[in-house]
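Peer 1: I grabbed these lines from TrEMBL:
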{"type": "TRANSMEM", "residues": "A:26-47", "note": "transmembrane segment"}
{"type": "DOMAIN", "residues": "A:85-274", "note": "domain 'ABC transmembrane type-1'"}
{"type": "TRANSMEM", "residues": "A:89-111", "note": "transmembrane segment"}
{"type": "TRANSMEM", "residues": "A:118-141", "note": "transmembrane segment"}
{"type": "TRANSMEM", "residues": "A:153-174", "note": "transmembrane segment"}
{"type": "TRANSMEM", "residues": "A:195-220", "note": "transmembrane segment"}
{"type": "TRANSMEM", "residues": "A:253-274", "note": "transmembrane segment"}
Amino acid sequence: MTIDATLPGAMPRPARRARPARWEAGIGHGLMILTALICVFPIYWMIVTSLRPENAIFSTRLWPDTASLENYAYALRAVPIRQMLVNTFIVSFTVTVIQLVTGILAGYAFARWRFRGSALFFGAIALTWLVPLQVVMIPNYLLVSRLGMIDTLGALILPHVASAFAIMLLAQSMRSFPSEVIEAARMDGASHAHILWQVIVPNLRGTLASLAILIFISTWNEYFWPLLLSRTPENSVVQIGLQMFITSEGTQWGPLMAASTMASLPILLIYLVLQRQVIASFMKSGLR
Amino acid sequence: MKTTILTGLALALGATAGHAQTIPAEVTEPVTITFYNYNLSSAGNGAEATKKMIAEFEASHPNIKVEGIPVSPQNFVTRVQADIVAGQPVDLTQMGFNALDFASKNLGAVALEDIIPQAEIDAHLEGMVPNGLELGRLDGKTYGLAYTFSTPILFYNADIFREAGLDPDAPPQTWEEVKAAGLNVKEATDALPLATGIYGPSAMDWLMQGVVRSNGGAVINEDRTQMTFAEPESVEAVEMLRELAKLGITKNLDITSQMEGMAAGNTAMYLQTSAIQGFLVDGAEGNFDLRATTMPRFGDKPVRPNNSGSALVIHASEPLKQRAAWELMKYLTSKRGYTIITSEIGYLPLRPEIVEDPEYLGEWVKDHPLLQPNLDQLSVLEPWVPMPGPNYLQIATSMMDAMEQATFGDNDDVKGILEAAQTQAQNLLP
Amino acid sequence: MTETSSSLPTLSRTRPREITPRQRLYRRLRPYLYLLPAILCFVVWIYEPLARAFMLSFQQWNLLPTTPKVWIGLENYRNIFALPKFWQALANTWYYLLGLLPLAVALPLAIAIFTQDLPARSRNLYRALIFVPMIVPPVVGAAVWRWLLDSNHGIVNLALQGLGLEPVGFLSNASIALWTITFITGWKLIGFSTLILAAANASIDEALIEAARLDGATRWEIVRDIRLPLLSPTILLLVLMVVLLGAQWSFAYIHVLTEGGPLGATTNIYYLLWQFGFGSLSVGWSSASAVILFVGFGLLAMALFALKARFSFHDD
């Protein structure tokens, strides 16, 4: 079934005259460039620092005088980063997929039906943000230990099978999904499952891709919970690897920056790929 | 859930409840023990040296297998506690001195005297610095043997000293001299005259205890029932620091800024644990002349540095594992063990005789003059007194908050601030 | 209470179907079945421990069965409220919020709307660049900012001095440090909010906007009368997030950059409770801290929910 045909919104892109005035656009671009610089410069600094030798770490030169890969070599030697990256990828990918699924299901329930306790459940989900991890950490650790999952990747995934943010964002975008489309599908006798997975989900590609990026990154960057769990570096995630360069006796900045660069690049790549997906989905779907 | 915790714990701690068990004289069957260690949780020398020591130990004790568990120092006690509650075996730990009291009362730490024949203990302790042994003693019993520990050192940048017209070969020895040197530095250079690791959450109260003690006071009385940090000696010490702050000689910096300022060559003097020496040496190499001297004293009063760092503590409850843990503990605190700890990780040897002995540290010490002030302080070292009871961290934090306020705040009434905080902290004592 | 399809009340009436009691039961249970996986996760990993923490907040205990639980009533709460820093931290929490809302909501909103009308190439470039801070581990971001802002040898201060200005103690001056940390927290969040808002903005029906244009609406009028109202649920969601999570987001930066100092100037309620409660092992303190946080912010959240309910009306 094609949605495009039924939609009033399937229109060509707006005409040129809607563009802002030249000076307005100039200021806009100026501010955007400034913001972009502020956003990117620290990362540039991270990479530059990762190329500096140990005794020039605190140098303020914009360019490393003698670029060396020594910090990278050391980081790779000292910590099993490759294995950790693989582990982190597995954990982040799994968590992202599961959170999207639980989020889609729960979001649909909130958006689609009125049921007893709906507001209560919604509130309870939002309020999970307020529970500090440090308070539930020990009970959760005991639970994981009883499940025999200490030192496994499963223990890093299990407490994250649902996220309040995913549920709330999806509930909200499903609420503003045009009811005519759903109506049409109902007329065709489609089941709820069919409507959800065949009609709504494909049209939320943009939101889902954005959400996937965000879930993936926050899982990738999480470290409190993995820190409590970590027992062997080979079964741990990359944030633990980064932590290994930070000690109370002084941080090894060079290797830390090198390791961080290696840890950040995969997510940048994933962002670029998914971002393309976001754009593509807006372009392709005639719907919105 | 509760019942699981109960049974797990009953199993884990069962033996400690029943008193002095006799442990086997040697390990005759294969046994695996866990060693909770924070050096293993970071990359670098600490981890390498620890792995090396474990390997050497296993080679000489074929029946004992050691499972090193890397735990970051920031949640070390949490993790030990969680593992005990979860019923995971916790046999030997590298416990911070400030948690020693908590460990002895809550985490099943075993006093050596309760499980090991006195003669054997005495034989092993032979040759160790007596007041170093005090560091791990609580209420007359030995719960821990000082393992990776260090003392406060006044690091200084000899280049800045020269620039300020000071003699780098005659560094300040008293707080008066620190002040005078600081004024010179302030006058002549852009550098920060003095940074100290006294304040900041990660410092806790270890360095402050030493400062107050050096002025003849104490932050808590001897049987640890009464907070005493608002007594005159303590007030005077804080007032001295306040004066340095008011003169612009020292600033209220977080620990990383202090360390980086010194390592980058922007600070003239830095009072901090010798444990960070490696970090400073890396920054100084090729950039400036880094030197060190002992902690400053107050006038003619003797300096009373205290230790930071960790002790080895046995938590095992089965006699066989206790024996195995004790064997590992003996090895790690042997001449060989301290040689590795000192030369490869950068802490202090608790056995002074190895410093001269060419078989151990003799050669190494000659190339590492920065260790000398540390060694000088060994003979006057005093323990970092742990605060008692379950609120031990909150007591120390409340006290240090007040002391920071009294040093750097707008209110000149140092005595008033400390008294108010002392009353509050007193309420948190058990 | 019957379960109805909220958006299609008429449909079910026009097409009555035979429903067996089993189907009826299934229909009634269906919403809960859809919610089940998520709710189960939250109950097991969050609410059950939280309920236990609530009980523990009235006790002095360390989880170990060998030590007795001592019932101490409100003692834990009294201890926390007696902390001299408590009210300072509370006030700071408020300032953090004030500073974060523009950075994490208003600025990204402006960026999302501005970039929406740009050609695809520059739009994507801007959004990608702005997203970059998200990918950096917080500790590393904090460390880099510390170097850039250092009062002696930081590149920002060197630049200021080059312009003939006095160096600024971005992190050591008690009246500036809080704003510095707010800025860094916001810096990390701009990309996040922009992504969410841009996705919502892009899903606004272009036909509406085109129609408005044909009616002669100006750019600004289109933003004010069409985009903002349609974005308002998303904006409110972000505001809610910032309010509820802002204190936790700044945690990493406070911890790495100032440890709450100088003199408590940058400590917020979350950091304070962490320092006294979660950071230590006395379960009583940490549980009481959690309850205070949960109840305090929970009330705030309810007020926001009420607001959201009122505001969201007109997007139906």
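Even glycines carry a Cβ here, placed using N, Cα and C.
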Peer 1: Checking distant contacts: for the transmembrane segment (A:26-47), what same-chain residues at least six beyond its ends satisfy Cβ-Cβ under 8 A?
Peer 2: 20, 257, 260-261, 264
Peer 1: The transmembrane segment (A:195-220) vs the transmembrane segment (A:89-111): three or more C-beta pairs under 8 Å (separation of 6 or more)?
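Peer 2: Checked: the transmembrane segment (A:195-220) vs the transmembrane segment (A:89-111), in contact.
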Peer 1: Using a Cβ-Cβ cut-off of under 8 Å, list the residues of the same chain that are 6+ residues beyond the ends of the transmembrane segment (A:153-174) and lie near it.
Peer 2: 87, 90-91, 94-95, 98-100, 102-104, 106-108, 110-112, 122, 125-126, 128-129, 140, 144, 147, 200, 204, 207-208, 211, 214-215, 219, 225-226, 229, 235, 237
Peer 1: Which residues of the same chain, at least 6 past either end of the transmembrane segment (A:118-141), have a Cβ under 8 Å from a Cβ in it?
Peer 2: 106, 110, 159, 164, 167-168, 171, 224-225, 228-229
